[in-house]
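To start, the structure itself, in structure tokens.
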Amino acid sequence: AAHGARKMVDYGRFLALLASALLVGFVSVILSLVWVFHYREGLSWDGGLGEFNWHPVLIITGFVFIQGIAIIVYRLPWTWKCSKLLMKFIHAGLNTVAMILAIVSMVAVFDYHNAKNIPNMYSLHSWIGLAAVIFYSLQLFLGFAIFLLPFAPVYLRAVLMPIHIYSGLTIFATVIATALMGITEKLIFSLRNPAYSASPPEATLVNCLGLLLVVFGSLILWMASRPHWKRPLEEHTKVLRPIGETPEGTEVESTMTNSSNADKSDLRINTEAARKQNLKFDEAGQRSTM
């Protein structure tokens, strides 16, 4: 009973964090829209300032908010009964949407700069931002190739999973840092009269938006790094699988035990080795942190 109560408290905590993250993320998106519609020139696609404004709105919506949700999607306890494959598709799908929005937002800036004869890629914001987009697309491509498509051997997945997790969290944190640099730069450039230093209402609003982005990032990283909120291992799900889809972590076992000419004792030794191997793989991060 005590264990059950502890689980409920833990679940309650998780839900509170999730609700906070969703709220903070949602408010961030709203504030970015208030910023561009109330204080700037709204949204358009004509080479003017309204085109530039797609940049903050789409970055905050896609690259921050949607990417954050994609990171914690495996951790939602009510999805633990869903197939891992379905969850992988959702994880990959959300990240793909975030990627598309990030690319559109980049196109908006380059297009605006070129229309106005402003030089591209001179600021630290632009360097780190472009690096984040490049690494994110690489992460997405490798994620598809290794974890979603059924071709990669299980030991390769086991070796690459901790790297995939680390890279994902690092890119996410970097995107938030880059967004903070971007909004600071934008305020310094565009607040002339009154200046940024005079703290006009726009400055206060956008500084608060920056704070919310940090809070959102912190909540997502906390949820993603708690080991007890990991999706449980799939051990007894062989029966439920469609043919040809093996649960991760049992693949080694099935390949090792299927050698038809092995006699019984060989088989036992093999299975034992496979089980030890499997434990090693699990340690190595076969259970994704995300």
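For all residues, glycine too, the Cβ spot is worked out from N, Cα and C.
What TrEMBL says about a protein is an automatic prediction, not a curated fact.
As recorded in TrEMBL, the features of this protein are as follows:
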type: TRANSMEM; residues: 14-37; note: transmembrane segment
type: DOMAIN; residues: 20-225; note: domain 'Cytochrome b561'
type: TRANSMEM; residues: 57-77; note: transmembrane segment
type: TRANSMEM; residues: 89-110; note: transmembrane segment
type: TRANSMEM; residues: 130-151; note: transmembrane segment
type: TRANSMEM; residues: 163-183; note: transmembrane segment
type: TRANSMEM; residues: 203-224; note: transmembrane segment
type: REGION; residues: 244-266; note: region 'Disordered'
type: COMPBIAS; residues: 252-262; note: compositional bias 'Polar residues'
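In this chain, the transmembrane segment (14-37) touches the transmembrane segment (203-224); three or more CB pairs sit within less than 8 A of each other, excluding pairs fewer than 6 residues apart. Count of Cβ pairs under 8 Å against the transmembrane segment (163-183): among 14-37, 57-77, 89-110, the largest is for 57-77.
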